[in-house]
Amino acid sequence: MPELPEVEIVKQGLNQLTLNKRILGGEVLLERTLAYPISVADFLRGLEGKAIAQWHRQGKYLLAQLYKWGKKNSKLQEYENEDGWLGVHLRMTGQLLWVNPEESLHKHTRVRLFFGHNSSGDKDSSNYELRFVDQRTFGKMWGVPPGKEISKVITGLQQLGLEPFSPEFSPKYLNKKLYKRHRPIKTALLDQTTIAGLGNIYADEALFLSGIRPTTICKDLTEKQIEQLHLAILKVLQTAINAGGTTFSNFLNVKGVNGNYGGVAWVYSRAGQPCRICNTPLEKIKLAGRSTHFCPQCQK
């Protein structure tokens, strides 16, 4: 599943390519991709004649702020909802690809949005196309009507913990979230109510960098360990963003390019290989149903 760095990379690409272009229309090839509204006609009606002012990311959610084509977007306030929003969650295998409309259609294409600078709503007159490709079909899209509170429509936003790069995310916050918890630290880090956007790959990586074994019970962590973990989370996420994210199976950026973090990963997907620090063979276990990688020597 794409995690915070991958979704951030997609957001950055979308902000470079899709802003201020008229949405001419669209085509929904798999109706269950739509979480809200479930009517294809209502979903497309909410997008046609709009343009995207800005893409935002909250955890693993992508949120596009819309405005009516022809209206200046310079006065839009962040997260105001005058003309609607488009929400996307890639889930396990979702991809958002910016392509030439003449490019052949991938068999797992679920939604197509047609962009251009003209007034026609015909897909044949579009200059650009945004495709939502999703092999496993778990990905979702939302059309948030004007005036509606975004989190009332995309209800998963209500449960998210802090963004790791927000000023409020601190060792004190992390300690408060983990204090007295009787579950393994790896499991706690995967909980989106603890940290928004952190997932399996970067939880393993951050625990390695902080020297904490994934099975360590939260309540047993010292303040020093929590401080180290806080720094490690920020470091590994920024490193992954700089590398364009991680591609082990399905992740591509909006131009269809793989991420490069996998080649420099400390422990994730490297079971049996030597630790990059001490050369001890790395181990892999199942923890709360998730593959978990660690160094038995460096992580105590």
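Even glycines carry a Cβ here, placed using N, Cα and C.
Per Swiss-Prot, active site, schiff-base intermediate with DNA is recorded for PRO2. Secondary structure at PRO2 (active site, schiff-base intermediate with DNA), taken from DSSP and collapsed to helix, strand or coil, is coil. Counting only residues at least six positions away in the same chain, the Cβ atoms of VAL10, LYS60, LEU90, GLY94, GLY245, PHE251 sit under 8 Å from the Cβ of PRO2 (active site, schiff-base intermediate with DNA).
What Swiss-Prot lists as active site, proton donor is GLU3 (among others). Neighbours of GLU3 (active site, proton donor), defined as other CB atoms within 10 A of its CB across all chains, total 22.
Sequence annotations record features per position, and here Swiss-Prot assigns active site, proton donor to LYS60 (among others). For LYS60 (active site, proton donor), the Cβ neighbour count at a 10 Å cut-off comes to 24, with all displayed protein chains included.
Under DSSP, ARG181 (DNA binding site) is assigned to coil, being neither helix nor strand in the three-state scheme. What Swiss-Prot lists as DNA binding site is HIS108, ARG136, ARG181.
Look at Swiss-Prot and you will find 266-300 tagged as zinc finger, backed by sequence analysis. Beyond the ends of the zinc finger (266-300), by six or more residues, the same chain brings 184, 186-187, 190, 200-201, 204-205, 207-209, 211-215, 246, 248 to within a C-beta distance below 8 angstroms of the stretch.
Long-range Cβ neighbours of ARG290 (active site, proton donor) (same chain, at least 6 residues apart, Cβ-Cβ under 8 Å): LYS186, LEU190, ASN200. The active site, proton donor feature in Swiss-Prot is assigned to ARG290 (among others); the stated evidence is sequence analysis.
Of all Cα pairs drawn from HIS108, ARG136, ARG181, which the record names as binding DNA, the longest spans 41 Å.
With DSSP classes pooled into helix, strand and coil, the tally for the zinc finger (266-300) is 0 helix, 12 strand, 23 coil. A C-beta separation below 8 Å, combined with a sequence spacing of at least six in one chain, links ARG181 (DNA binding site) to ALA188, ILE217, CYS218, LYS219. With respect to their backbone Cα atoms, HIS108 (DNA binding site) and GLU3 (active site, proton donor) stand 21 Å from each other.
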